[in-house]
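**Q** Pasting in a structure now, in structure tokens, and then I'll have a few things to ask.
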Amino acid sequence: MRNLTINRPMSWQPVPGMVLSTRPSDIGWLLVFSCLLLLVVVWSVSTGSYGLDLSKVIHALLTPEQVSERQANLIWELRLPRIVAAVLCGAALSIAGVIMQAITRNPLASPGLTGVESGASVTLLMLLIILPNALPHYFLPVAALVGGGAVALLVYLLASVQGFSPLRLILVGVGITALLSSFSDLLITYGDIERVESALIWLSGSLHQVTWPDIHVMAWWSIAGLLVWSTFRTLNLLRLGDAVALSRGVNPKVMIPVLLLLAVSLTSAAVATVGTLSFVGLMAPHIARRFCGDRHGVLIPLAGMIGALMVLLGDTLGRIIFAPLQLPSGLVIVMIGAPYFVFLMRKMRH
């Protein structure tokens, strides 16, 4: 009698990253960067051309009536809006950078790749230089947001003419960004000098003009960051390629536009609030990967914390290095980010 061999059914092995897996080190790093962010927040509130000790800061935050009106206004109307804006915008740009690097599978991708930053910049320059009285001042961030979103939509449509391709998105984004940058230079060169100065302050990534109404707009758009975290499984699969994503039930033709929309929303809101902050969306995801790898369930919140820490630290250093003069946060970040970018390029080459 012949022996019949019964093959066991194949056990299904999930692709790594399809489920949220955390290690003790992940929780540890999240706690470490949370504490660092909290320490920098306290330092930023109490530091500046007018210093405050910790007890005054606590009294001003909890019981403003127990401190002088000057100290209460300094904290609540000047420093806290900058701190909240720095945290929200830094986290938004970092999370948008995570999305772009996952979609394009390019470690050098950044949120500005879709043309959002250039679109928002050109929109604001046109309103400040050519049409200075067209909109009230508090509508300028909204107009910049709309302009950045429109350019991002144009880039996506051009990149999808013959079927979407990450490489085509990069090339089209670089081309549109270069075109808009040349137009921005034209406006700056021939515009009224006083209006140009006002626009350049915003373009440099300065937070000193941020107010609570600006933060209210940014806070609503920050909800997109929570939606991004819910898509971490999709990002893990897209990173492995379209074929793997399709085999696991993720349609790239549907999810990539959705993820791009989230990235554009986060980037345009951040740029419209504080201006252009270069290297944040590029550097923060890379730094976060050194601690948690490419597992997006942990990478997204960790990159958000690191981005918030970078922008807040850049703004605080910009306030105290040459006090009472202030350096734009964007300038401080570029001074740190440019050497890191060169280091990253050398590492990738080797």
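Any Cβ shown, glycine's included, is placed from N, Cα and C.
What TrEMBL records for this protein is below:
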TRANSMEM  27-46  transmembrane segment
TRANSMEM  83-103  transmembrane segment
TRANSMEM  109-131  transmembrane segment
TRANSMEM  138-158  transmembrane segment
TRANSMEM  170-190  transmembrane segment
TRANSMEM  211-232  transmembrane segment
TRANSMEM  254-284  transmembrane segment
TRANSMEM  296-314  transmembrane segment
TRANSMEM  320-344  transmembrane segment
**Q** Near the transmembrane segment (320-344), which residues from the same chain, at least 6 beyond its ends, have a CB less than 8 A from one of its CBs?
**A** 47-49, 86, 107-108, 201, 204-208, 274-280, 282-283, 286, 310-311, 314
**Q** Need a quick answer: max count of Cβ pairs under 8 Å to the transmembrane segment (83-103), which of 27-46, 170-190, 254-284 is it?
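**A** The stretch with the most contacts is 254-284.
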**Q** Six or more residues beyond either end and a Cβ under 8 Å away: which residues meet both conditions relative to the transmembrane segment (138-158)?
**A** 114-124, 127-128, 164, 169, 172-173, 176, 180, 213-214, 217, 221, 257, 260, 264-265, 267-269, 271-273
**Q** Report, as numbers and ranges, which residues of the same chain sit near the transmembrane segment (170-190): CB under 8 Å and 6 or more residues beyond its ends.
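**A** Apart from its flanks, the transmembrane segment (170-190) reaches 104, 106, 109, 112-115, 117-119, 121-122, 125-126, 129-130, 151, 154-155, 158-159, 196, 199-200.
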